[in-house]
C-alpha cells in the first residue's frame, strides 16, 4: 500500500527518507505522497515518529538520507533542500505540537509572527497585517483576545492562538502536529473544518483514531513493519517507517488497528448520520 | 464563542505607549547629558554649563569652564550613554540568542576573557608599547579570544544552540576567571590585584573624544542592524522550530547575532571594563514597560540603558567625593532593588518561565 497516489498532483513527496536524532535512527525508508488538495492524517503509536515525519515535511528537520520534495506554485516538485527557507515558509505553514508561547507578547503580536515570511524583517506591521491577524483569530474564535497577553490564555485557547498564527501565514499547505490537543470536543471538530477551509492541502498528525477515520481523505500509519507488541513494551525497536497509506476505512480496518495499535476495534455507522465511527476495545475482547 | 472554557479574566495589561515614551527618553537623555556636566569634584552651576556648551556650538571663544565641561566631562558623559546603551542592546540580543532570562552580555565568557587580557597587561606589562591603550587592547584581545573559544567549543559539539552556548560560556567564564586570578597571584604585587579589581568593576573615567567614536559607531551600527531584523529576532525568540517554520534561517541568524554581540561586548568591555547589571536588568525593564517585540524593546532599552548609566556615573563621582566608586558597584547597589521592584509590579514571564 506504500506510496499510494490519490489523483495525479502532489503537494509533497518523500522517497526513502531516513532520519537519525542524537545517533538513534528514528525513521528509515519512508515513502510518502502528500496528495494536493486533500487532507492527509498521520497516525501511529507514541514514539513512532509522527512528529519527526512532519518536521521533515516542514523542512525544519533535515533528513539524513533519501529525498524530500515540495511542490512549487506551478505544481512541479523541487528538492526541499533547494527551496530557500523564506520561500518554503510561504508554501508551508507548520505548527509544532507543544509550543512555548513567547512571553510578554500580546495574542495579536504572536499571531502576527505568521506574517514574517511575507514581510521584510524591518517592516512595521500596518493595517493590512492587523486585518490578516484579526481574520485568523476570528477563525479560531479569539478575535476579542487580540490585545490580551498570551500568558493569560488557557491551554486550549493558546493552542487555538498558535494555530491562528499558522492561518495568518496563508500558505497552500498546512502541517499541523496534533492540532486537536487540549481542545474541547466542539472545537476539535470546528477547528479541523476551519483549517481545511483555509489551506488547500492539510497534513496533520492525530491521536484520536475515531476522528482520523471520519475526517481525513487519506491516512498514513507510522509504525514498524514487523508484527509484535506495538506499544513498545518489549523494549526499544528499530527505526519506524510508513507502513500503510490509503483511505481511512481501509487503513483502520480491524486487522490493521490490531496490528499497529494493539487494540481491538470495529467500524460502525452513526445511527443518524452518514458517517462511520471507530469503536475501540481491549485486545482480549476481540474474537 | 468559547465552549465551556474558563470565564474571561479582565486582562489587558497596561503598557506605556511607545512613541511618547521614546520621545520622553530622548529628551531626558539630552537634558541629563547637560545637567550631568555640572556634577563632579568641582561643582559648576548649571547655567555656566549650558553657557559652555552653547559657546561651543555657537563657535564663540571658550570660557573659563570650557576645558572641564567640554574636554573632560562631556566625553565621559557621552561614553557613559554609549556604553549603557550598548550593554542594554547587547543584553536584549543575548537573551534572545540563548532564550534565557538570566543571560547578560557577559555570558559568553567575554568579560572573563577580557579580564585575563587586561590582567596580563597590568601584571606583566606586555603590550606596554601601546601606552594608554595597552589595557584596552589586552582586554579586547582577551574578549575576542574567549568568544572564539566558546564558538569553537559549541560548534565542535554540534552547533550554536542556546543550551550549548550557555554551558560552554559559563564553564569557560569560570576557567578564565581562574586564569586571571592566577596571573594576579603570580605577580605578587598587591597594587596589581587592586587595579585589576577596579578595572573589572568598570569605569568611564578615562574617556576622551578620541576614545569615544569607535564604541559609539559600533553601538549605533549594531543597534540599527538588530532593529532592521526585528521581526526575525521576534521569531528567533519564539524558538528554533517556530523561527525555521517562519522562514528564518536559524543557524545563520544565530551566527550573525553571536559575532555581532562578541564584537560589541568586546569593545565595550575594552573601553569601560565589566559593568554588570545594566545588560541584565535594562532589557527586562524595557520589556515590562513596552512589551517583548524587538521593534520597541531595542530603542527603549538602548535609551534607557544610556540614561541609567549616565546617572550611575554621576552617583559614582559624587557619593564618596573626591574618590570615585567603580560603576559596577553602583549598578549593583541601585540595580538589584530597582529590578525587584519592577518584577513585583506585575506577573512577568520570559521564555515560558515565570
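All positions are counted from 1 along the displayed chain.
Glycine residues also receive a Cβ, built from the backbone N, Cα and C atoms like all the rest.
Since we're looking at a predicted model, the values are computed, not measured.
TrEMBL lists transmembrane segment at one of the ranges B:77-94, B:239-256, namely B:77-94.
In summary, the transmembrane segment (B:325-344) does not lie against the transmembrane segment (B:77-94): fewer than three C-beta pairs, each 6 or more positions apart in sequence, are under 8 Å. Long-range contacts of the transmembrane segment (B:77-94) within the same chain: residues 29, 33, 36-37, 103-105, 107-108, 204, 207, 211-212, 215-216, 218-219, 222-223, 226, 233, 257, 260-261, 264-265, 268, 271-272, 275, 278-280, 282-283, 286, 294, 297-298, 301-310, 312-313, each at least 6 residues beyond the stretch ends and with a Cβ under 8 Å from a Cβ of the stretch.
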